[in-house]
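Structure first, then comments.
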Amino acid sequence: MERVITGKEAKFIDEVTINEIGIPSLVLMEKAALCVFNELKNNYYNYLIVCGSGNNGADGVALARMLYQNGENVTVLLISKSEGTTEFKLQLDIARKIGVEIIDFVNEDNLDEEYLEELFSANDCIVDAILGIGLDRQVSGLYFDIIGMINECDSDVYAIDIPSGICADNGEILGTCINATVTVTFGEYKIGQIAYPGKKYVGELIKKDIGFLDTEEVFANYESEDLEIRDNYIITSKDLELIPDRIERSNKGTYGKLLVIAGSKDMSGAAFFTGMAAYRMGAGLVNIVTSYENIDVLKDKLPEAVFTGYNDLRDECEYSKIAEALDKYDCIVIGPGISTDDNSAILVEMALESGKNIVIDADAINVIASDERYIEKLHENCILTPHMGEMSRLIKRDISEISDSPFEMATFFRDTYNTTIVLKDANTIIATSRGDNYINVSGNEGMSTAGSGDVLSGIIGGLMCIGANRDIVAPLGVYIHGLAGDYAKEKLGSASLMARDILENISEVLMMKDNL
């Protein structure tokens, strides 16, 4: 796993590197500018560097100097009224002395919007060095107007560290933001670069090392009274190594027994997708608890599974049969296609009271959301996998509010109920009961299709079954699910992608793991 950080954490790492280790800020600035220069040099005819007066702007002015000394056509546009940081003033003084063309839009009375539009259109590359990662307020006034004009032109736009207007802490758009072609960032990835809605405007994201002190060393050995360090991560392909290996001398019992409670009448597909995904992940035995009407269909589709049918769980005999299955199996997936009737409420309560590792999806979430008694039964071994609508019902908030702040909503639920939450969206957020947070970076738009969530539940259940670390099964399962979807998209395109295609490509992910 790879740590991702907030803007405040990035600033803290910067301060420790400068003040405690002794690397001057100008050295870091020169290295940052050089990284962007190496991405840009000799690629465009005319460069316009749009600068604020903070250290992001200073990076931009240093970049302009390097481009100028390389013989490029480059212009700096200053758009800040403030005098600027010490580093900014120094970089600007150097640039002026060597002859870089500098336009001070704020302090030159003869410039107007028409002039700006002509200036932007005359440059095939515009560099955003306006606001940087420290932004914590709404973009307004001249900045708002300038960003709008940049977005309307046809030039390629490179952002230094983060597109101006995106909150580095959570990806929120603070009024407006630069729509970048490429973003070059330094040190660790920032949450705002990989979490929606900010991710949409980052373009290609390039990470460069400029010599910051190691992040883990900073967080372990240095403290800040004003900063609460968060444990935020992304899963990468290297983490596929966390999937337990098969053992040469083993049997089906070695790889666990999973109870899948899925599929009310005429909803056999949900049970199939969940059970099959668990088997594809390596589960030793899957028992599907489902409506009697589904069993014949499922036996034909998935003969490897065993089945426990029910009609009316108010019947003592049927209730006892399910209770016995819950007792015998190692972990549980509940919810896909079960409806929200009385049987489902009984099943949800039984599963929660078992205390076992449990994945809670779909209708099981809706049952829990309908009655506070069930929410109070959640525990640290639960993994809930709601989409935005289900999350809205769980926490009684509007979908728009959740969509605007998914990170905060997921961590709020985790902290309130001491459970793991997988908030499904284009950028799925996972907040684990241990306190770690993950942003998923795999997957694609083609996975927005019926049955996709059932496959995810089966993958996570399968990982639990085969003995993957409980603290990592949710984020790792989400990553595997997305990666299988990415393989499917490569073969079929996004429009034609179906849940069964995700299923069929789980094996591709596992073979990728074997080749690491």
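Any Cβ shown, glycine's included, is placed from N, Cα and C.
Site annotation for AMP in TrEMBL covers K424, D425, A426, N427, T428, and the matching candidate from G446, G451, G453 is G453. Matching D128, D136, D145 to the K(+) binding residues that TrEMBL gives (N56, S164) identifies D128. The distance from the Cα of G337 ((6S)-NADPHX binding site) to the Cα of G453 (AMP binding site) comes to 11 Å. For the pair formed by K424 (AMP binding site) and S164 (K(+) binding site), distance between Cα atoms is given as 27 Å, rounded to the nearest Å.
Annotation for the binding-site residues N55, N56, S164, N427: lowest Cβ count within 10 Å of the residue's own Cβ, N427. Under the three-state DSSP scheme, T428 (AMP binding site) falls in the coil class.
It is 24 Å from the Cα atom of T428 (AMP binding site) to that of S164 (K(+) binding site). The secondary structure of D136 ((6S)-NADPHX binding site), as reduced to three states from DSSP, is coil rather than helix or strand.
In this structure, the CA atom of D128 (K(+) binding site) is 11 Å away from the CA atom of Y143 ((6S)-NADPHX binding site).
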